[in-house]
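Undergrad: According to Swiss-Prot, the feature active site maps to His52. Annotation comment: Swiss-Prot describes Glu72, Asp74, Asp123 as Mg(2+) binding site. What Swiss-Prot records for 310-317 is motif 'SMD-tail', and it gives sequence analysis as the kind of evidence. For 1-18, the entry in Swiss-Prot reads signal peptide.
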Amino acid sequence: MLLSSLISLALLSSQVVADPAWAPPDKGLKPEVARLLPPFLRYRRPIYAIAHRVVTVGGIKDAISHGANAFEVDMCADSIGEGWWANHDCTNGRKAGDSARKIFETFAAERKRGKTVTFVWLDFKNPDACVKNQGCSIEAIQQLCRDILEKQGIRVLYGFYKAEDSRAFKTIRNNLNDREAISLNGATTKVLKLFEGTAPKVSKHQRVMDYGDTYLDKGFGDCTEKDWYTCTELRQGADLRRKGKLGKVFAWTSTVNQGRLVDQLLGKAHVDGIIYGFKLTDYYDHADSRAAANDIISWVKRRRALYYMATNDNNPWIDIHKLFLYLLSWFSCILLLMMNEWTCPQDGA
């Protein structure tokens, strides 16, 4: 019995390297190096197809049916109606999308039905529009995330575009839990400097860099330049991720007929995921949105030995080192049991 337990735990520990749900995202090995390893030493890296401008219940269901496993939602605080709305262009009194509550409840219901909803990326358009005690405050939207999304196991990414000095950013920064992360937009050196200067206490695995352009081919480059070009900046961000200075790196926005750029982003820049969809339109079912999703999904399928589409089993903000130490403590526990000792961890990882 003890021997079988020991073997089982050893196999579980090996999953930190071999199994998708436990695999470190990219801690030191590039795909071209991993290919040289025997299969039992390889790990596969999870990839995220992030649907762009999902602001309606219908958009959520369409994106899920297209294979999206993560979702970018534009969020506007409505100081007149005292709430948050999914809306790209913030204008009080005009609601382009559904309420945040309705959006969140739909995501939670879809996840409960077994659909893949790994994380929801909130892109705040006017994060400081309301003060603390209003229903449209940053505190209110964070609590709504925790009450609805996170209770169903859905992770949250708070996105701040040129809002690092906002009260909202500071509030989120000071109140992150392990199901949440922060994304900052910009070139690699800028993002790293911002995290180290304005959010030094935010764990590295909860630091996300995003970079791109509405017109992705504009200034894209070939991934080998010194700086500035989209692909190069993202590749340098992935280098920081491998060094443990960032948790994830995401690109935006791929659209129809941009499979070549998707190939560069995933294959050369080694990003963790790509926002895809329409350039300037909210998400809905269309041949172009389906094609943009398929560019990412088919790329991963063709390289399934090294990559896979992230599932609900993945925690994108996981601290892999903490997990490894927890498994190691259980391994030690089994050894102590074999010597008639009893010292096993009581808390979860």
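From the backbone N, Cα and C atoms, a Cβ is placed for every residue, glycine too.
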Undergrad: Where Asp74 (Mg(2+) binding site) and the residue listed as 'active site' are concerned, what is their Cα separation in Å, rounded?
TA: 9
Undergrad: Summarise the motif 'SMD-tail' (310-317) as counts of helix, strand and coil residues per DSSP.
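TA: Output for the motif 'SMD-tail' (310-317) reads 0 helix, 0 strand, 8 coil.
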Undergrad: With every protein chain in view, what's the tally of Cβ atoms within 10 Å of the Cβ of Asp123 (Mg(2+) binding site), excluding that atom itself?
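TA: Counting Cβ neighbours of Asp123 (Mg(2+) binding site) within 10 Å gives 24.
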Undergrad: List the same-chain residues at least 6 positions away in sequence whose Cβ sits under 8 Å from the Cβ of His52 (active site), in sequence order, or say none.
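TA: Non-local contacts for His52 (active site): Glu72, Trp252, Thr253, Ile275, Tyr276, Gly277, Phe278, Tyr283.
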Undergrad: What is the set of residues, excluding Glu72, Asp74, Asp123, whose C-beta falls within 8 angstroms of the centroid of the C-beta atoms at the Mg(2+) site?
TA: His52, Arg53, Val54, Val73, Met75, His88, Trp121, Leu122, Gly159
Undergrad: I'd like the Cβ neighbour count for Glu72 (Mg(2+) binding site), meaning other Cβ atoms within 10 Å of its Cβ, all protein chains included.
TA: 28
Undergrad: Validating a neighbour-count step here. Other CB atoms within 10 A of the CB of Asp74 (Mg(2+) binding site): how many?
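TA: Taking all protein chains shown, Asp74 (Mg(2+) binding site) has 23 Cβ neighbours within 10 Å.
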Undergrad: Determine, from DSSP, whether Asp123 (Mg(2+) binding site) sits in helix, strand or coil.
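TA: Looking at the DSSP assignment, Asp123 (Mg(2+) binding site) belongs to a strand.
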Undergrad: So, in DSSP terms, is the residue listed as 'active site' helix, strand, or coil?
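TA: Where the residue listed as 'active site' sits, the three-state DSSP reduction gives coil.
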Undergrad: Summarise the model confidence on the motif 'SMD-tail' (310-317) as a single mean pLDDT, whole number.
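TA: Averaging the confidence scores along the motif 'SMD-tail' (310-317) gives 96.
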